[in-house]
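Peer 1: Residues annotated as Zn(2+) 1 binding site in TrEMBL: A:His82, A:Asp93, A:His189. The Zn(2+) 2 binding site annotation in TrEMBL covers A:Asp93, A:Glu128, A:His380. Residues annotated as domain 'Peptidase M20 dimerisation' in TrEMBL: A:208-308.
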There are 2 protein chains.
Amino acid sequence: MHNLTIDPDRLWRSIMETAAIGGTPKGGINRLALTDHDRQVRDWLKSACEDLGCTVTVDEVGNMFAVRPGRLDVPPIAVGSHLDTQPTGGKFDGILGVLAGLELLRTLDEAGYETNAPLMLVNWTNEEGSRFSPAMLGSGVHAGVFDRAYADSRTDRQGVTFGEALDEIGYRGPAKVGSTAFGAMFELHIEQGPILEAEEKAIGVVTGVQGMRWYEIALTGREAHTGSTPMSLRRDALVGAARIIGAVEAIARAHPPGVGTVGLVEVGPNSRNVIPGHVFLTVDFRHPDDAALDVMEKALFATVEEAGRASGLEHALRQVWNSPAVAFDPALVDAVRRAADGLGLSWREIVSGAGHDAAYVARIAPTTMVFVPCAGGLSHNEAEATSYEECRAGAQVLLAAVLDHDRRCYGTA
Amino acid sequence: MHNLTIDPDRLWRSIMETAAIGGTPKGGINRLALTDHDRQVRDWLKSACEDLGCTVTVDEVGNMFAVRPGRLDVPPIAVGSHLDTQPTGGKFDGILGVLAGLELLRTLDEAGYETNAPLMLVNWTNEEGSRFSPAMLGSGVHAGVFDRAYADSRTDRQGVTFGEALDEIGYRGPAKVGSTAFGAMFELHIEQGPILEAEEKAIGVVTGVQGMRWYEIALTGREAHTGSTPMSLRRDALVGAARIIGAVEAIARAHPPGVGTVGLVEVGPNSRNVIPGHVFLTVDFRHPDDAALDVMEKALFATVEEAGRASGLEHALRQVWNSPAVAFDPALVDAVRRAADGLGLSWREIVSGAGHDAAYVARIAPTTMVFVPCAGGLSHNEAEATSYEECRAGAQVLLAAVLDHDRRCYGTA
């Protein structure tokens, strides 16, 4: 039995050092996918891995893979997450998973420890989906959920395509998408919810991910003067949008533990004395039960019809993303549970409320996740906070679970 | 009795020629106040007036005044309106009043007709209020409603101040604000509403302007992850905004013939998988009866309180503009009525639903307006349309009313 321990100071330093790339005055990070800040942090990771003698390859959609060879020529055990953030993101979402993976590589390297299977650190492209919808695009292409042409054609709100942005920062690699097969994948991540903190658990043993669906709605009414257009003759697209925003909230509350959010709204022409002629808005529905999502979706479609009728609007509604509920690999889930027990850390089983690259990878390889708490359950927020001790515990559980799995599959190293 | 007639072809040509300055593919104009397009059209007007031998002066807030001398040294009779537009504005709103005024100067010049009082053509700065709130800023400063420092300090959504933008385009003039006193002011304008067209009247004899109030509301909740934040723990600023948008519509419908509009909404961070933490929105209330506006305002304040409570939001609400109902000068209103009758044009009395520079000028000088129809009552829209014949009728009534007033006040020229 090994007694390798990660270096929590080194892990914390790498988190704080990279947090400066796109860092915001409020202590968060604004590092949207495929921006120059994304390029800088990718360059940082590449050189850190190469310093350890790892080979770094990049695939056609920018996913980065750093391999540390093992004793056997078998598919590698993968760890990692993503380094892109929300426009007002925090220092830990995704980043902890990648940098804890780097810390594993450094710990093994320092100890001269040889695993049976190769170890592979992964940085997935455009996980957040904030600049390019849908989310988890890089891992989705890797898992065959999307094809490469679809990814390349995604556009941001300024009309720049994913492919253009990827070429612009020089991270379109030669590796064919999906050519890097995993024997298993472990993703460490902050919970992004309030449960672990509320129950004072150090570790979340993640058994699956809830189902998620995204929608885009475009409403078209008629621009007109706010002063001289009687209420009865108006076709106000924003009034219709307000009905939909209220209904999304009501639909979610009617289907616990489901959640529903309108996060993005664009009004045209957006002038205080012009009746809005155009509104674009997005809807995000999530529920652990796919059948409940079907019901919520039906209610949304009915709401949009009704809002359009009531305000005399044309409307276009489409589902732009559908990620079914996921159950993680029981053997890997056990490995995480054993690791937490072995380290004497408190834990509970949990279903992820957020989407993660692991949800797609689970379609093509045994996969699971490890959660650590974040203050107030706050994420996608510059105030997002996970402590030094919580990061240390998560990284140590990740290391123990990986080595446990490596031994059980391939014999004691 | 004179029988001067304006040249409708020349008027139409000047409308179409200036429409190219900031012209949009859809046939509208995007010529926000104090942009370079505004500078270009101001230069065009200045040289057109100087070609007629008029003296053009500019005051400290950019209002332009072109004077054609009369027989007597008395305060001039003013005509005019504004040349700035909405971001998706039309070819006639404001523009018709200025270019018809220019057509009057050209007609009198061509005929060698000398009026008793001097004639003054005015182009008011920032009437639309779309780039810099509040609307009618130039005429408001002229009438003493706002002081010059207040105007200079107004900022657009990019943080550029009115003063900076005015200096940038080189239209801060030497004339002290208000130093150019009027004996009277006639403003020709499109109705911007559906009434004249519906009743097939050529001319609107405008007896006054309804009261208007503008408000700004800032809602602050908490940004959080859309997937892992239970509905019960959310503070969603957009859900609160949606309640307010719906209530503004309901309040207006409960107080006919009042109108209420939320025209501008900004969501922060505006990402589809982040619960909105911040929303900024504007409210525009109008009613011919100031007492009704008091009631509507009370209802708005109560709604914002309630929406804030319901969604756990902090809120800031302030009235940013209050323009009481206006009654125009009876003698000038009669002059317009006589002009329409004398020309055999159909007309009706009407209260303006939109705000106009004339509403402020009425506080310091005898003032009235002339309306002509616009197709479908559509305005603040690229499809805004007033016909050649309607423009001709409006300009001819303007000329007849001005000369009628000039004769009645100062004896037959």
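From the backbone N, Cα and C atoms, a Cβ is placed for every residue, glycine too.
Note that this is a predicted model, so its numbers are computed, not measured.
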Peer 1: DSSP says what for the domain 'Peptidase M20 dimerisation' (A:208-308): how many helix, strand, coil residues?
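Peer 2: Result for the domain 'Peptidase M20 dimerisation' (A:208-308), in helix, strand, coil order: 39 helix, 33 strand, 29 coil.
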Peer 1: Return the count of C-beta atoms lying within 10 angstroms of the C-beta of A:His82 (Zn(2+) 1 binding site), excluding that atom itself.
Peer 2: 28
Peer 1: Other than its own, how many Cβ atoms are within 10 Å of the Cβ belonging to A:Glu128 (Zn(2+) 2 binding site)?
Peer 2: 27
Peer 1: Measuring CB to CB from A:His189 (Zn(2+) 1 binding site), give everything in the same chain under 8 Å that is also at least six residues away in sequence.
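Peer 2: Set apart from A:His189 (Zn(2+) 1 binding site) by at least 6 residues yet with Cβ under 8 Å, we have A:Ser81, A:Asp93, A:Gly94, A:Leu96, A:Gly97, A:Ala354, A:His356, A:Met369, A:Val370, A:Phe371, A:Val372.
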Peer 1: Given A:Glu128 (Zn(2+) 2 binding site) and A:His82 (Zn(2+) 1 binding site), what distance in Å do their CA atoms have, once rounded to a whole number?
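Peer 2: Answer for this pair: 9 Å between alpha carbons.
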Peer 1: Return the average pLDDT for the domain 'Peptidase M20 dimerisation' (A:208-308) as a whole number.
Peer 2: 96
Peer 1: Which of A:His82, A:His189, A:His380 (binding-site residues) reach within a Cβ distance of under 8 Å of chain B?
Peer 2: A:His380
Peer 1: Taking only the Cα atoms, work out how far A:His82 (Zn(2+) 1 binding site) lies from A:His380 (Zn(2+) 2 binding site), in Å, as a whole number.
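Peer 2: About 14 Å separates the two Cα atoms.
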Peer 1: Identify, in sequence order, the residues in the chain of A:His380 (Zn(2+) 2 binding site) that are 6 or more apart from it along the sequence and have a CB within less than 8 Å of its CB; answer 'none' if there are none.
Peer 2: A:Gln86, A:Thr88, A:Gly89, A:Gly90, A:Asp93, A:Gln192
Peer 1: According to DSSP, does A:His82 (Zn(2+) 1 binding site) sit in a helix, a strand, or coil?
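Peer 2: Strand, per DSSP.
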Peer 1: So around the Zn(2+) 1 site, A:His82, A:Asp93, A:His189 aside, which residues have their CB within 8 A of the centroid of those CB atoms?
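Peer 2: Nearby residues not in the site list: A:Ser81, A:Phe92, A:Gly94, A:Ile95, A:Leu96, A:Gly97, A:Glu127, A:Ile190, A:His356.
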Peer 1: Starting from the Cβ of A:Asp93 (Zn(2+) 1 binding site), draw a 10 Å sphere and report how many other Cβ atoms land inside it.
Peer 2: 28
